[in-house]
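Notes follow the structure.
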């Protein structure tokens, strides 16, 4: 037996459920009355606005057809009162004063430009190809640079595209024996990775410099210069001819800030397009964007494993994910004893149930081809409950509930739904 759900009921109940769990009202009936009354008033206002617009159009057309002047609408907007004592001279003075000073218009909804170190607004550059800086390198040089940068804190959270742009932007600097690469106390604006050569580290104490260490054909220094303009903490002197790869702060900040801005816009559009998150307010969707990250999985790579503890749920951005479960007594199983129960494609999610219930994963997920998933970033795993990420999970569960209510009674929660692939 199938139940036919009236059009609009799913969205109506989903929105109400989200509001209840978001506000936790003491009196549910009173809250429901206020909620649906507010919805009715909003619909009436929208209908009145449409009717008023149509009425004005009809009135103008009728006046034109009758040969008269179009009727004027009533303006209820507040206007300053004028008295008889106001004369023309006062009006001219006020006009002159108004022309002398125009208060700047403040747009509170645009992205604020960078304020640390050099100011940079990522929206000012439109052509990525022209703004990208590339200094040619051999594959061996790129590999050595990547190896040298992998343990540096500033580079640990860069995605492959950002890291590639950073490596492209690094320039070569040849040094001679005895040359000072940086001097203690000087303003720093470059970060260096050693390609070859030996270098000594000198630190001045009470005006006397002493050697506190050295580099032998490997290492890096000056990474603080990528964050802000700070005086150098030591002097680096070449003790043999060598070569360095450098990166300046302005280029580094442009790469990171611009890529993050582009990624944020892309995530905002993607999250906004997901039907099961339409109950989120705009500010909440933006906060969800802040706590999610992206990860790429190769063909056959395991995304989650059955029985593991959950620390994230996933939304498929591109590609396809196979959901499998180990079941006893089933003949249609794979070599590892698991049966395929569902597949997820773009816009579908999985892994949310174990995260909310704090239970082990009920199934495993593997990538089919190259898959890109959005999930909770590791830096926000311990975020307090009740935030936008919790509201995001709430919307997902309400969406699943509404879909199951409108489907066949015998449908299993592990079967494919319109948006959720499998509750695991």
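Note: Cβ is positioned from N, Cα and C throughout, glycine not excepted.
Because TrEMBL annotations are produced automatically, they should be read as predictions rather than curated entries.
Noted in TrEMBL for the protein shown:
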type	residues	note
REGION	53-97	region 'Disordered'
COMPBIAS	86-96	compositional bias 'Acidic residues'
DOMAIN	154-273	domain 'Cyclic nucleotide-binding'
BINDING	223, 232	3',5'-cyclic AMP 1 binding site
DOMAIN	276-374	domain 'Cyclic nucleotide-binding'
BINDING	352, 361	3',5'-cyclic AMP 2 binding site
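Features per TrEMBL, on structure.
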{"residue": "223", "record": "3',5'-cyclic AMP 1 binding site", "DSSP class": "helix"}
{"residue": "232", "record": "3',5'-cyclic AMP 1 binding site", "DSSP class": "coil"}
{"residue": "352", "record": "3',5'-cyclic AMP 2 binding site", "DSSP class": "helix"}
{"residue": "361", "record": "3',5'-cyclic AMP 2 binding site", "DSSP class": "coil"}
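Note: the Cα of residue 223 (3',5'-cyclic AMP 1 binding site) and the Cα of residue 352 (3',5'-cyclic AMP 2 binding site) are spaced 39 Å from each other.
DSSP states for the domain 'Cyclic nucleotide-binding' (276-374), grouped as helix (H, G, I), strand (E, B) and coil, give 18 helix, 42 strand, 39 coil. Counted over every protein chain shown, other Cβ atoms within 10 Å are most numerous around 352 among the binding-site residues 223, 352. When other Cβ atoms within 10 Å of the Cβ of residue 232 (3',5'-cyclic AMP 1 binding site) are tallied across all protein chains shown, the result is 18. Residue 352 (3',5'-cyclic AMP 2 binding site) sits 48 Å from residue 232 (3',5'-cyclic AMP 1 binding site), taking the C-alpha atoms as the reference points. The CA atom of residue 361 (3',5'-cyclic AMP 2 binding site) is located 50 Å away from the CA atom of residue 232 (3',5'-cyclic AMP 1 binding site). For the domain 'Cyclic nucleotide-binding' (154-273), the predicted model reports an average pLDDT of 87. For the domain 'Cyclic nucleotide-binding' (154-273), DSSP puts the residue distribution at 41 helix, 47 strand, 32 coil.
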